[in-house]
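> Straight from Swiss-Prot, here's the annotation block:
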- G11, G12, G13, H14, A15, G16: FAD binding site (BINDING)
- 270-284: NAD(+) binding site (BINDING)
Amino acid sequence: MRTSFDVIVIGGGHAGCEAAAAAARIGAATALVTHRFATVGAMSCNPAIGGLGKGHLVREVDALDGLMGRVADAGGIQFRMLNRRKGPAVRGPRAQADRKLYAAAMQTAIQGFPNLSVIEGEADALLWQDGRVSGIRLGDGREFAAAAVVITTGTFLRGLIHLGERSWPAGRIDEAPAMGLSSSFEALGFKLGRLKTGTPPRLDGRTIDWSAVEMQPGDDPAEPFSVLTPAITTPQIECGITRTTTATHEVIRANVHRSPMYSGQIQSTGPRYCPSIEDKIVKFGDRDGHQIFLEPEGLDDPTVYPNGISTSLPEEVQRAILKTIPGLERTEMLRPGYAIEYDHVDPRELEPTLQTKRLRGLFLAGQINGTTGYEEAAAQGLVAGLNAGLSAGGGDLVVFDRADGYLGVMIDDLVTRGITEPYRMFTSRAEYRLTLRADNADQRLTDKGLALGCVGVERSAFHHDKMSALSDAKALAQSLSITPNEAAKHGLALNRDGQRRSAFDLLSYPEIEWAQVRAIWPELGKVDPAIAVHVEIDAKYHVYLERQTADVEAFRRDESLGLTDVDYAAVPGLSNEARTRLERHRPHTVGQAGRLDGITPAALGILAAYLRREQRKRKSTG
């Protein structure tokens with residue numbers, strides 16, 4: 001086996017798989033280090049991909065030729081478009097997945113890269129020299145050299161599981177933690193913190209009374225995540241919905257002192273938007289019930305994931321809770337829920353490229369950066385792996401900004417503001433939601449991926465054909481026009497102003513759909529239905545997109561004003577508070593400075609004026 005690589009990725013979870021694949025796609029000799037290859041692509045918590053905000057990230061990963069979308073399509077057993085009744089900007093694709101099918105598809109994808117090796121073992125230490133990473137050492141003493149290293153340890157970094165009054169070191173149930181790497185981080189001076197997450201008990205679906213719960217089917221037809229998936233062929237299933245009861249709440253209140261979160265056993269912070277059932281009852285005790293989604297974990301696996309009752313209460317209390325929930329009174333618990341604490345690095349230690357500021361060539365992605373969720377991890381993994389490969393090859397690193405995609409929003413939030421709790425993506429975090437839609441991720445990012453060399457031949461050809469078809473369809477819709485009187489004959493009530501309106505103009509009306517304009521102009525029938533959807537969305541948002549484009553241009557102007565080498569003591573007019581905050585955080589651009597707490601518009605104006613003066617000075621002396 002070779003002992004030297006361009007890029008080494010530590011961890012085979014969602015971040016690690018995307019990082020290794022991204023580095024390999026741009027030609028880097030890559031190694032993926034994981035405890036066991038059999039666990040690569042494992043879904044540690046819920047058996048689902050996507051959702052509100054998260055589905056956008058999956059589509060963006062796919063647009064850059066990442067793996068998650070195609071793997072979820074291969075393993076998905078129920079697909080739903082969340083927020084379907086709302087506007088396209090906030091719709092979120094989501095899929096239930098068969099755990100075995102998902103992991104198998106991911107492992108097959110990883111094995112498909114000829115320049116990607118898998119090394120089984122525990123990464124125990126980082127190696128570095130002269131301020132740059134040089135490789136890693138495994139627990140068995142083996143050493144591997146690399147020009148760049150990506151760390152994606154998930155919950156394994158000094159992981160500690162809590163179940164009732166018991167606790168023990170683990171990275172996941174029945175899997176050992178990663179202990180040594182934290183020592184390397186501390187030796188390098190990284191600021192570490194502790195975070196917590198949890199998971200619910202697993203149930204035997206054969207013992208659930210499905211007649212007592214509401215059944216929820218998926219969408220028909222199912223809409224894939226990836227543009228390269230022509231159709232979903234995996235058999236589809238239904239999920240169940242039930243609720244907690246007042247009896248459930250009484251059991252929890254009587255035993256809440258035995259929860260590690262309330263006994264003082266756990267001191268770290270958990271995800272605000274994925275609270276334990278104990279938290280729900282303590283904080284929202286006035287509710288008469290909390291919804292629970294019963295999600296099958298596989299087509300040939302009886303295990304059911306009860307989404308909504310994450311808990312670390314003692315095992316016997318969990319059984320008592322289940323007996324109070326409709327449909328679960330006689331269910332058998334296959335495995336208790338638990339909480340897990342783990343180390344994370346303050347993400348303000350990172351550049352927007354996800355390279356660390358302290359050690360060149362070292363990149364971090366996923367829960368180690370303080371995020372929660374498979375999709376957040378995958379998006380970071382892709383960016384970190386891509387930049388690790390570029391770094392190893394001596395190329396310029398790439399930054400995805402807040403106007404590029406949700407992955408840019410997330411990374412900017414992390415490296416600019418840091419975190420006080422596990423970070424989860426929501427559509428509300430993005431300023432430019434109208435342009436950053438799940439349906440146009442490929443239109444926004446695939447060309448950028450092509451320029452970076454991370455998009456393969458198949459996607460490149462598909463993208464070229466799609467963009468050509470979209471351009472032709474828009475041109476056709478804009479070339480066909482009608483008067484208000486003519487429109488009235490087709491049942492369309494327009495302002496009788498005598499102005500001709502194109503088919504594209506008509507589609508901008510909220511109440512007019514593609515089928516109606518196609519009935520007027522039969523030639524629109526030749527447009528592929530998938531392309532027609534894009535044309536209609538673009539028309540609906542056209543006026544708003546023009547305004548948002550102006551906002552993005554202003555944002556990009558601020559982002560182009562670099563602050564990397566500024567001596568803030570030499571900037572006249574800055575307040576002491578602003579100067580202190582800027583020195584502490586060292587923002588890269590004026591735009592990033594504006595997103596720091598305590599930096600006023602006046603301070604930004606002073607900075608921008610100072611930079612322009614300095615630029616003029618350099619030009620006059622150059």
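Note: Cβ is positioned from N, Cα and C throughout, glycine not excepted.
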> Same-chain residues six or more away whose CB lies under 8 A from the CB of C274 (NAD(+) binding site)?
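Once residues fewer than 6 apart are set aside, C274 (NAD(+) binding site) is near T197, G198, S310, T372, R424.
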> Using C-alpha atoms only, work out the spacing between G12 (FAD binding site) and K280 (NAD(+) binding site) and round it to an integer in Å.
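With the alpha carbons as reference points, the distance is 32 Å.
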> Among the binding-site residues G11, G13, G16, G270, which residue has its Cβ surrounded by the fewest other Cβ atoms within 10 Å?
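Fewest other Cβ atoms within 10 Å, among the binding-site residues G11, G13, G16, G270, is found for G270.
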> What are the sequence-distant neighbours of R272 (NAD(+) binding site), meaning same chain, six or more residues apart, C-beta distance under 8 angstroms?
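Counting only residues 6 or more apart in sequence, the Cβ neighbours of R272 (NAD(+) binding site) under 8 Å are E421, P422, R424.
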> Long-range neighbours only, meaning 6 or more apart in sequence with Cβ under 8 Å: which ones does V282 (NAD(+) binding site) have?
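Listed in sequence order, they are V256, Y262.
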> Spatially, and counting Cα to Cα, which of the binding-site residues is closest to G13 (FAD binding site)? Options: G270, S276, K280, F284.
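Nearest in space to G13 (FAD binding site), counting only the binding-site residues, is G270.
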> Hey, for the FAD site built from G11, G12, G13, H14, A15, G16, who else sits with CB inside 8 A of the CB center?
V9, C17, E18, A19, T34, V40, T152, G154, G366, A377, G381
> Which ones in the same chain are close to A15 (FAD binding site), with CB under 8 Å and 6+ residues apart in sequence?
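Same-chain residues close to A15 (FAD binding site) (Cβ under 8 Å, separated by 6 or more) are T152, G154, A365, G366, Q367, A377, A378, Q380, G381, A384.
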> Can you tell me the CA-to-CA distance separating K280 (NAD(+) binding site) and G16 (FAD binding site), as a whole number of Å?
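Per the Cα atoms, K280 (NAD(+) binding site) and G16 (FAD binding site) stand 32 Å apart.
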> Sort out the sequence-distant neighbours of E278 (NAD(+) binding site) for me: same chain, 6+ apart, CB within less than 8 Å of its CB, listed by position.
I252, V256, S259, M261, Y262, T311, S312, L313
> For S276 (NAD(+) binding site), identify the closest of the binding-site residues G11, H14, G16, judging by Cα separation.
H14
> Give me the Cα-Cα distance between F284 (NAD(+) binding site) and H14 (FAD binding site), rounded to a whole Å.
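The separation of the Cα atoms works out to 33 Å.
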> Of H14, K280, the binding-site residues given in the record, which has the fewest other CB atoms within 10 A of its CB?
K280
> C-alpha of H14 (FAD binding site) to C-alpha of G270 (NAD(+) binding site): distance in Å?
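H14 (FAD binding site) and G270 (NAD(+) binding site) have their Cα atoms 20 Å apart.
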> Quick one: pull the CA-CA distance for G11 (FAD binding site) versus G270 (NAD(+) binding site), whole Å only.
22
> Run through the Cβ atoms and count how many others sit within 10 Å of the one on S276 (NAD(+) binding site).
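Around S276 (NAD(+) binding site), other Cβ atoms within 10 Å: 27.
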